[in-house]
Structures are given as structure tokens and as C-alpha cells.
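Feature list (source: TrEMBL):
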DOMAIN    B:5-121  domain 'Response regulatory'
MOD_RES   B:ASP54  4-aspartylphosphate
DNA_BIND  B:130-230  DNA-binding region
DOMAIN    B:130-230  domain 'OmpR/PhoB-type'
2 protein chains.
Amino acid sequence: MTATTILIVDDEAAIREMIRVGLELAGYECLEASNAQDAHGIIVDQRPDLVLLDWMMPVTSGIELLRRLRRDEVTRDLLVIMLTAKDDEDNRVQGLDVGADDYITKPFSSRELMARIKAIMRRSTNREQEESIEVGGLKLDPASHRVFVDTQPLEMGPTEFKLLKFFMTHQERAYSRGQLLDQVWGSNVYVEERTVDVHIRRLRKALQTDQRDCGLLIQTVRGTGYRFSTTGVCA
Amino acid sequence: MTATTILIVDDEAAIREMIRVGLELAGYECLEASNAQDAHGIIVDQRPDLVLLDWMMPVTSGIELLRRLRRDEVTRDLLVIMLTAKDDEDNRVQGLDVGADDYITKPFSSRELMARIKAIMRRSTNREQEESIEVGGLKLDPASHRVFVDTQPLEMGPTEFKLLKFFMTHQERAYSRGQLLDQVWGSNVYVEERTVDVHIRRLRKALQTDQRDCGLLIQTVRGTGYRFSTTGVCA
DNA sequence: TTGTTTTGTCATAAAATTGTCACCAAATGT
DNA sequence: ACATTTGGTGACAATTTTATGACAAAACAA
């Protein structure tokens, strides 16, 4: 396995353990940062394949960094394994909610860590594309994190953006609410399926301009879910 | 979410928690077994979708059951989530190595459990990569959940869609109303046979376009039922 | 902190789908 | 031709599924 690993901890013991583990990885790096801001910067620079995130960082809590990572288009689909104290169950749940891919309890064996890393890396294969997508009169630019119809920028929340991005990269196919939750929200959160409806509506509304109504691109597939299709409208 | 869940534990608290969680699952079963032998038997019989496996079973250890499951062709790719004690790290690693899909530490929150179950089940729900069927000028695409005649999409309800799909995959053969009810509606519902007539009509109507009348593909077999046949029309 | 935005969930409205009927038309049998 | 059986059709009320507005909690930004 080849992985560049970036580690953010202040726990010396953990670091040593990491390094020991690191030896089993072909090429890894071990970094430190004292706050979420810096850490995020480093991560953006280094583009690691995997982040081992200590929940208790010296200044800020790990959750802030994790949120930051998930919010940022560039680091959104980074693999993040968090390290939590043995009895810190709340944080663990919270961490999974916010979008950690997995967690490991400290102290951990290198064996366990390896197993997890393997599992996780096996699980996630696809890297994201960063080129702007253009469909049905809509242009979505991942870099600037914006959407245009013609040249007019559209306003929408983060979730709507993700939803739209998913749709634009997966056209002409019906998805159930559950699938959308998995794909857009992430598979480790549990929210009502009806929530999807609401966001669909918000997205549709956002896609309405004075000129056109691109919201019609999102079609309801009764009894199934929704579909993004250019058949019919807003060419 | 629909899941038949089989739980093997002797820990009362865990069972209660499971049941609480179980209530959120549509249809689950909770079983107990005191040794790997029995448990394996039960699992083979019941064919559950998911196994929640307590690592510390009364007689044998969970690992034996897990190994057994992984060895048996029939149960090889069952989803197995193991429940481990908080500080039982060795077993956790061992479990993952032997082939558990995930583990949850006791005590666990139902929220965490739900998230995990959901994630695991979604992950393994292998999408039926159904290819689109093309018959008699009609094209039915399961992925987009749509039907086209030429390039024009047709409108129809869910039941009509299922009915058409069945017909297109079972051409040139007459089916009684009862058979159609079984195949399309499902064998465990009771509806009047004449209901089929009505849906046949609705389907026929949906299959009429300005151009052609593909509804004629559905032929009446008097005294018997209906048949889907390309002989005659809408080439 | 405070004010603003985003989010998930509900309650309710709106819309589409469904199963049955009653009645008409066509076919079948005598 | 008449009576009987079987299928076609439009209508309709019940049910199911979606759409929508409102709201409070959470997350954010300042």
C-alpha cells in the first residue's frame, strides 16, 4: 500500500506509535499543527491521501478541523480517521456525524490501525474531478464553488450545491432518497429521508432565475426518488 | 430501511438496546444462540441481511462463528458487525482480520448503530446493473426509470411501469390475471383480478403517442389474460 | 458574545396513484 | 336473435406520495 499520511497530534506516544506504523507504509509524512487553521492549510498544501486526526488537539478541537475539511471542496473527500480517547463515545459519534470515515480508540495497536487503513482505503477509490461541469444551461464550477446560468451566479446553500453537483455528474438516472443521502450527505449520518425532499425543493427554487427555470431539470420519479435530466427543459 | 437482523448475544442490556433500535427497522428478527454450531445453523436457515455478532458469546467465542460464516459458501458475504467490549482491542483487530465488516463498541448509542448499519447495508447493496430493454419500438431503461418510444419519454404510473417491464421481459406468452398479480403486484397482496384490466388499459393508453400506438402490443387473450407480442404492430 | 445562515423535521396542502364499481361493448354459446 | 360471459372504459373515493411553508436548533461569521 502506498499512502502519504499526515498526522496531527500533540500526543507524543501516539506520534511514536504512528511512526512505527508509518514504517509499514510506503512513503508517509508526519506533520504537526497546533490549530485548525494551520492544519487545514498544511493539508491543502500537501494533499495527503489520508488524515489521522487526533480529536484532542492542543488549541482547537479536531471537530473544527474536520468540519473545515468537509466544507472545503478541495479536501472534501479526504479520508479521515480520527483518534479518540477510550471512553469518549460522544465525540466518536459526533465525529462520524461530521464526516469522519472511521475512528480508532487510543491507545491502539498498529495492527488495528493497519487493518482500518486498509479497509478504508479499499472502500474509497474514486478521486474527485475538479473541472467545471456544464449541463443544460447550467455551469457548476467546483473551484469557485459556484453555479451559473448563463453568466448569472446562483445562490444556494452548501447542501444544495453538493446535491446539484451530484446530479450534474449523474444525469439521466433515478436515485432514491436513500441513495441521495448516501451520496450527498454521506453514509454515516442518519437523517430522515423526507429531508431530501426539502433540499430538492430548495435547490429547485435556487435554480429559478428571472429568465429560466432550471429547477425543472430535477424531475420527480414517483415512488422512487428523483432524476436529473435535460430531457424537456432549460436547454 | 428493511432489514432482517439476527442478533446473537447473551448480554441483556445489549438486547434491549437492539430492540429499541430494531423498532426503527422495518422488520427485524432477534435470535439467540448459545454456541457457534447452532448460530451458524440458524443463520443458514434464516438468511438474514445482517448479523450483529457479540464477540463474547456464552460458550464459544464469536470468532469461531465468524470464521465459520466466512468459510461457508452460503454465508460468505453476509454483513457482519461485531459488538466488542470497550477495551477489548485485540479481539477487535482479530475480528476485522477474520472478516468482520465493522465493529461497534459496547455500550453504543443507537444513533451510532443506525449510522453504521445504514452505511454497511448501503455499501453492500449491489446495484442491479440492469440494462435497458428494447422491444417493438419501445425502450425501457431501468436506470432512469423511464420508457421511450423513439426518443420521446412516456408518462405512466409506477404500477404501469412495473407491468410493462414484466411484459417486455416476458414476451410472446399469455399470462392470466392471477399470474400478473403475482408477478407485478407481488404474491402476498389481495386485489381484485379485474384491477389488472384497469391497469392494462392505463398502460395501453400511456403507450399511445401522437405517432404510434404501442398499446396494441398488449394483446387480449380472451378467457385467459394478456400477452405482450410484437406480432402485428408498432415495429 | 450577537446576528445571520443553514439544516433537519414537522404539519399541512397539493397532487398523483390505486383499487373498485357500474355500465357499456364485444364475443360466445344455444 | 337472445342470453350469457368476458373484456373495455370512465368515474370516484381512498390511499399514498410529494410539495411547501414554517420553525427551532445548530452552525457560522463577525
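From the backbone N, Cα and C atoms, a Cβ is placed for every residue, glycine too.
Within the model, the DNA-binding region (B:130-230) shows a mean pLDDT value of 91, rounded to a whole number. Within the DNA-binding region (B:130-230), the DSSP-based counts of helix, strand and coil residues read 38 helix, 26 strand, 37 coil. Its own atom aside, the Cβ of the residue listed as '4-aspartylphosphate' has 22 Cβ atoms within 10 angstroms in the protein chains shown.
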